[in-house]
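A.B. asks: Encoded as structure tokens, here's the structure I'll be asking about.
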Amino acid sequence: MGCGMSTEDKEGKARNEEIENQLKRDKMMQRNEIKMLLLGAGESGKSTILKQMKLIHEGGYSRDERESFKEIIYSNTVQSMRVILEAMESLELPLEDARNEYHVQTVFMQPAQIEGDSLPSEVGNAIAALWQDAGVQECFKRSREYQLNDSAKYYFDSIERIAQSDYLPTDQDVLRSRVKTTGITETTFIIGDLTYRMFDVGGQRSERKKWIHCFENVTTILFLVAISEYDQLLFEDETVNRMQEALTLFDSICNSRWFVKTSIILFLNKIDRFKEKLPVSPMKNYFPDYEGGADYAAACDYILNRFVSLNQAEQKQIYTHFTCATDTTQIRFVMAAVNDIIIQENLRLCGLI
């Protein structure tokens, strides 16, 4: 009797293989929903990434949605100038032109939240005049010594446009607007065959205890670090360096028992501000073991190695990207690369590669 496989056996084997492949495909379908957790210290750029996803994958902002950002942008702009003027008092920096004192009073008279369809003309004029004052400029250069919104310069430079009665926020205006995230916000979008549910959680220390609710079945963690903050102190604790806080937080996330099998993507963000700062604020002043001077590539390598070296699990790969979260073209490219990483991870976890 021959030892070859019978037709019936061959058909049975083929059926088994088809069933196994179908099970793998079903498993893959279950994994087509990607739960992505956005983590990072306060003001690292998490909310900006969410806004970019809306611009890139959801057709952007409607006119009504843009209108809704006006009051936030007005408030950000006025509040930023107020912060500088208060810092001038504590740093004992005088105005160059004493006539601008009138404009200082105009800014201080404004409420914390600016309401209305347009910025009052006297407020726009006050900010424009003060931004030209050499004393204000000197204080701005020392902004690492106090807590100033990243978008301050952008809005001050655009004040003439923002103060127009028919002003409508642009994509860039919206991206740079800042509202502190409290609680958990979710954004859903589709890239190819994958549905992403992206969760943004508050980055300030007081918000971190709420993260635990997001941890179950997380596919990927997108961890953001504002590398431009190497010379700044925490908003919540002005004895702690912001970069050191980010390193401590990344260590706890990367090596957490919750995330043993979770892929981690690290965005080293705000490279534009980082590049501007390096020549004027030596990194060695804050990280004494750094030897690269003002060299941008050397500084990037140093920071990258500081974060990646915290990973204690040999089998866990950290995927890294240097980013500028307000640059839509770059974020579109980077998120396409992230999508490819997640597809490969899915195939591997489902046993298809």
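Just so you know, the numbers here start at 1 and follow the chain as drawn.
Including glycine, each Cβ sits where the backbone N, Cα and C put it.
Keep in mind that this is a model prediction, so the values were computed, not measured.
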A.B. asks: Out of 29-34, 143-148, 323-328, 341-346, let me know the one Swiss-Prot marks region 'G5 motif'.
C.D. replies: 323-328
A.B. asks: Looking at the ranges 35-48, 63-76, which is given as region 'G1 motif' in Swiss-Prot?
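C.D. replies: My reading of Swiss-Prot: the region 'G1 motif' range is 35-48.
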A.B. asks: Any idea what the model's mean pLDDT is for the region 'G1 motif' (35-48)?
C.D. replies: 89
A.B. asks: Given a Cβ distance threshold of under 8 angstroms, which distant residues of the chain, six or more beyond its ends, lie next to the region 'G2 motif' (173-181)?
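C.D. replies: Contacts with the region 'G2 motif' (173-181): 42-43, 46-48, 51-52, 55, 61, 66, 69, 72-73, 76, 149-151, 154-155, 158, 162, 200-204, 207, 325-326, 328.
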A.B. asks: Based on DSSP, tally up the residues of the region 'G4 motif' (265-272) by helix, strand and coil.
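C.D. replies: Helix/strand/coil tally for the region 'G4 motif' (265-272): 2 helix, 5 strand, 1 coil.
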A.B. asks: Take the region 'G1 motif' (35-48) and count its residues per DSSP category (helix H/G/I, strand E/B, coil), listing them in that order.
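C.D. replies: Counts, helix then strand then coil: 3 helix, 6 strand, 5 coil.
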